[in-house]
Amino acid sequence: MATLKDQLIYNLLKEEQTPQNKITVVGVGAVGMACAISILMKDLADELALVDVIEDKLKGEMMDLQHGSLFLRTPKIVSGKDYNVTANSKLVIITAGARQQEGESRLNLVQRNVNIFKFIIPNVVKYSPNCKLLIVSNPVDILTYVAWKISGFPKNRVIGSGCNLDSARFRYLMGERLGVHPLSCHGWVLGEHGDSSVPVWSGMNVAGVSLKTLHPDLGTDKDKEQWKEVHKQVVESAYEVIKLKGYTSWAIGLSVADLAESIMKNLRRVHPVSTMIKGLYGIKDDVFLSVPCILGQNGISDLVKVTLTSEEEARLKKSADTLWGIQKELQF
């Protein structure tokens, strides 16, 4: 007896179901799911895999996304606790990690996340040996280093989301002050993601017009317009959002999808992302910090050599020293 499907559809060939543009998100917390929905809305993948250790939550999130399939162009959404669901991924995004407990030292948090990465990274590598790794978990610069060490991948394929979001926040706030869309406001925040990030005042421009040339006090303590406040707001904004809603999710999700788009579509756009910076700016240790990187199908193919002031360079070096101080204590 022919089934309804057999009566309706005449099959012409047995197809190999190997995905061509698969993306995996590890960790289905608020950040992981914001990354997932942002990627789905951009039609970047032909398959999306979700992985987590909490199976009920994982299945629920997968089903919820699958039920939106009519409105999406990603034909396959899968999930599992077992990493075999991640096989043949082009890009693997890591958002999983321990949350900082009240009063917990940064070093202690890092070590807890290292232990989590010691489980995640080898499993990812086993099933997708040629993937690019995009690290989002905090502290992102240190954990990108950890992922690089554990994976054994070449440095071009291990990328930290880094200052992509810090720079986006910076450009948004710049735009608010000037009444111009952030896309037309150019400015870069580099270095360590978070508190010790470095705004490059000399590079701020709209339509190629340097703000520093028009307003030489820009970013200094003498500045009557207090543009330094803009960077201060960038640093404080995450803490404020966390205080108000408990976590940040949407902006980082959109930021990660922006990076994923450059990688999956081989766009060769320039992003401030965390990469191995040894040998630049007088840095002699294996540390990852954000500098402008060209992102494409091989991950980071090139860096843009930014001219920094001696003060900016010193701040970058200080961040590198702080990170190395923590990294050399880590137990792998």
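Cβ atoms are placed via backbone N, Cα and C, with glycine included.
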*Hey, which of Lys14, Lys22, Lys59, Lys155 does Swiss-Prot call N6-acetyllysine?*
Lys14
*Swiss-Prot annotation N6-acetyllysine: which of Lys76, Lys81, Lys317 has it?*
Lys81
*Candidate annotated in Swiss-Prot as N6-acetyllysine, out of Lys57, Lys222, Lys228*: Lys57
*Which residue, chosen from Lys245, Lys318, is annotated N6-acetyllysine in Swiss-Prot?*
Lys318
*Scan Lys90, Lys118, Lys132, Lys284 for the residue that Swiss-Prot records as N6-acetyllysine.*
Lys118
*Does DSSP give Ala49 (NAD(+) binding site) helix, strand or coil?*
strand
*Taking just the CA atoms, what is the gap between Thr322 (phosphothreonine) and Asn138 (substrate binding site) in Å?*
15
